[in-house]
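S.K.: For reference, the structure I am asking about is given below.
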Amino acid sequence: MLIEQFICREDNFGVLIHDETSGYTAAIDAPESNAIQNALKRRNWTLQTIFLTHHHHDHVEALAELKQIYKAIVIGPEAEKEKISHIDQTLKPDESFLFGTHTILALSTPGHTLGALSYYFPQENLLFAGDTLFSLGCGRLFEGTPAQMLNSLKKLRQLPDETLLYCGHEYTKSNALFALTLDPYNQKLQQRAEDVFLLRAKNAMTLPVTLGQEKKNNPFLRWDNRTLRKTLRMEKETDEEVFAEIRKRKDNF
């Protein structure tokens with residue numbers, strides 16, 4: 001499977017996936033029509049499907065135009081169908097389905113929104129997490145609770161280390177600066193942050209990244225880490241309380 005990733009709007013990631021066997025192409029979300037059209041032209045692909053991670057406008061804004069041009073089928077979370085115009089098919093939480101020759105699991109990952117989905121390709125070890133999980137960060141809790149988001153991140157943390165993470169926004173530099181305030185002596189985090197700063201200085205993208213790296217560096221996947229808990233002075237608190245405190249600090253960072 002081929003993947004084309006690009007920046008659109010200001011900091012959204014656009015992502016196209018292409019099954020070489022069937023010739024099918026899908027977009028993960030629809031943030032900006034022109035950027036997606038240009039990416040399709042670069043690769044000489046035609047859009048058949050759009051997979052939506054959640055209903056926020058910066059992920060669905062281009063639906064009407066892309067449907068009109070390509071007659072693409074829009075597939076998204078059943079729990080958010082009333083909030084998404086132009087949706088054609090819905091997916092139940094944790095439903096599996098085929099894209100060309102590839103199996104996809106539509107993992108239910110509520111927190112950022114209540115119906116948010118993350119698309120996992122188990123054979124290829126690919127994860128498209130939308131705004132649930134970012135490199136060195138996670139999504140704000142616009143609709144869900146800390147408990148819901150923590151459970152979603154626990155689900156994603158169980159995926160194999162070699163899984164490649166793609167997400168909805170290029171937030172890695174600001175996330176790295178925050179992560180270093182909580183985990184300043186983490187050498188792997190220091191190295192990742194240095195790499196990120198160099199990439200962003202060149203206006204280069206910081207994704208994809210492996211989940212294995214994120215498990216070592218991302219504070220939102222390290223709620224049970226002793227060193228991090230000690231820094232927070234929360235050595236005996238529950239996982240949910242620790243996660244909620246990290247999220248609160250990031251909201252105010």
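Yeah, the Cβs are placed from backbone N, Cα and C, and that goes for glycine too.
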S.K.: Given that Swiss-Prot assigns D58, H59, D131 to the Zn(2+) 2 site, pick the one from H18, H169 that the record assigns to that site as well.
M.R.: H169
S.K.: Select one residue from H56, H112, H169: among these binding-site residues, choose the one with the most other Cβ atoms within 10 Å of its Cβ.
M.R.: H112
S.K.: Do me a favour and check the Cα-Cα span between D58 (Zn(2+) 2 binding site) and D131 (Zn(2+) 1 binding site); whole Å is fine.
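M.R.: About 11 Å separates the two Cα atoms.
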S.K.: Specify the secondary structure state of H169 (Zn(2+) 2 binding site) as given by DSSP, simplified to three classes.
M.R.: strand
S.K.: What other residues of this chain sit with their CB within 8 A of the center of the CB atoms of H54, H56, H112, D131, the recorded Zn(2+) 1 site?
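M.R.: Checked against the 8 Å cutoff, the neighbours are T53, H55, H59, T113, A116, G130, T132, G139, F142, G168.
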